[in-house]
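> The structure's right below; bear with me while I get my questions together.
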Amino acid sequence: MKIFRCCFKYTLQQKLFILLLTLWLFSLLKLLNVGRLLFPQRDIYLVEYSLSTSPFVRNRFPESGDAARDNVNCSGVYEHEPLEIGKSLEIRRRSIIDLEDGDVVAMTSDCDVYQTLRQYHEKLVSREEEDFPIAYSLVVHKDAIMVERLIRAIYNQHNLYCIHYDLKSPDTFKAAMNNLAKCFPNIFIASKLETVEYAHISRLQADWNCLSDLLKSSVQWKYVINLCGQDFPLKSNFELVTELKSLQGRNMLETVRPPSAKTERFTYHHELRQVPYDYMKLPVKTNVSKGAPPHNIQVFVGSAYFVLSRAFVKYIFNSSLVEDFFAWSKDTYSPDEHFWATLIRIPGIPGGISSSSQDVSDLQSKTRLVKWFYYEGFLYPNCTGSHLRSVCIYGAAELRWLLNEGHWFANKFDSKVDPILMKCLAEKLEEQQRKLIALSSEKFMTEGTRQSHTL
């Protein structure tokens, strides 16, 4: 027994010595910067190269002489030129580094510098757009740089923007959103913020809070559109105004009769519970049946996304029927996916459609273009990016399809999946805005000349 204890003690001493020696060697290698030689990292790609190598961000990278090789011709991507598509695919194989929330906080800390960096002063606007302001409700919770790019893409000084961030979002994300709001008189943070849980009434409440604030603004916006941080526009502001005018007061959203698979979402009581996967908390179905909807309302389903007229929004904030239906929906699963789709069918509501009218599918509604895995190759081409919960995160090869499909916005985008697509989309939309405003100005000048000749 004595010999065993001695050997055991000696073995422990050996293990401790080897552990300390290993730690010392790793520290030495790190100090001498030998790690890159022994464990070479993948080549990196900086999504925002000029900013990431500037003093305006928190995590600054050294400049690289190889930056020029990363230039991708967006017209070539649009035309599916093999060389440009190949470049985008090569970039995706690298370690993609985008700006972190702290970087967005840093670059928005000085509003004048930020607006110059992002060239807000170069945004063009027509008289038609000035006379047709649009309101936006942005419900966001992560990736400040994605939200910043979205706002920059849809920003016009005559529009109005409400940002609702999740109360459980990281503090740096909240700081970035607060900084963005401080830099513009027409961007603000919702006066009431929610802790948003997936498929819970809190998601609907977040949009509701923004709608309430937007109505109180002095800006007489014509339509309101809700977006999330993974959305991006497919139309320039000029095009969007033209499309909205053509609605002539009607609303635009998905509204279909519920398939049997979805009826349990609102016929049974759901409770918010802890779950052992992604969302942490989720409304879980119980065995308790719900009563019928108030006022004999017929339930329709759709998506959380809408394009609503000002008259519609004013109506719902002054309707006891809508108030009762909102309360009834609180213990359902994903109420935002039936609430708006149902309201638009209520008789007499501004811009609504009859409950007997045909279904309006997600492809017929132009509010959001989403590519579902199980419809790929049937309703639309295959995804060239990746998938998250059966939804396509688009790749650069889908640029042309996205722009030509006819929708106004699309979901999902992720710069760390494909950074080239969002760059090319932004570039194409800016080109379209400049082109249409130039044509509009020529038309205005021509009409003015005709009137002067008439006089």
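Glycine too: its Cβ is placed from the backbone N, Cα and C atoms.
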> From the list Asn73, Asn318, pick out the residue that Swiss-Prot labels N-linked glycosylation site.
Asn73
> Nearest to Asn382 (N-linked glycosylation site) by Cα, among Cys162, Cys210, Cys424 (disulfide-bonded residues)?
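Going through Cys162, Cys210, Cys424 one by one, the Cα closest to that of Asn382 (N-linked glycosylation site) is Cys424.
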> Between Cys183 (disulfide bond) and Cys162 (disulfide bond), how far is it from one CA atom to the other, in Å?
13
> Just to confirm: which same-chain residues, 6+ apart in sequence, have a Cβ under 8 Å from the Cβ of Cys74 (disulfide bond)?
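Sequence-distant Cβ neighbours: Glu84, Leu399, Lys423, Cys424, Glu427, Lys428.
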> Enumerate same-chain residues with a sequence separation of six or more from Asn287 (N-linked glycosylation site) and a Cβ-Cβ distance below 8 A; give 'none' if the list is empty.
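Correct list: Tyr268.
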> Of all the disulfide-bonded residues given, namely Cys210, Cys383, Cys392, which is spatially nearest to Asn73 (N-linked glycosylation site) at the Cα level?
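Nearest in space to Asn73 (N-linked glycosylation site), counting only the disulfide-bonded residues, is Cys383.
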> Do you know offhand how many angstrom separate Cys383 (disulfide bond) and Cys392 (disulfide bond) by C-alpha?
6
> Calculate the distance in Å between the alpha carbons (Cα) of Cys392 (disulfide bond) and Cys162 (disulfide bond), and round it to a whole number.
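On Cα coordinates alone, these residues lie 27 Å apart.
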> Just the number: how many Å between the Cα atoms of Cys210 (disulfide bond) and Cys162 (disulfide bond)?
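Just about 6 Å between their Cα atoms.
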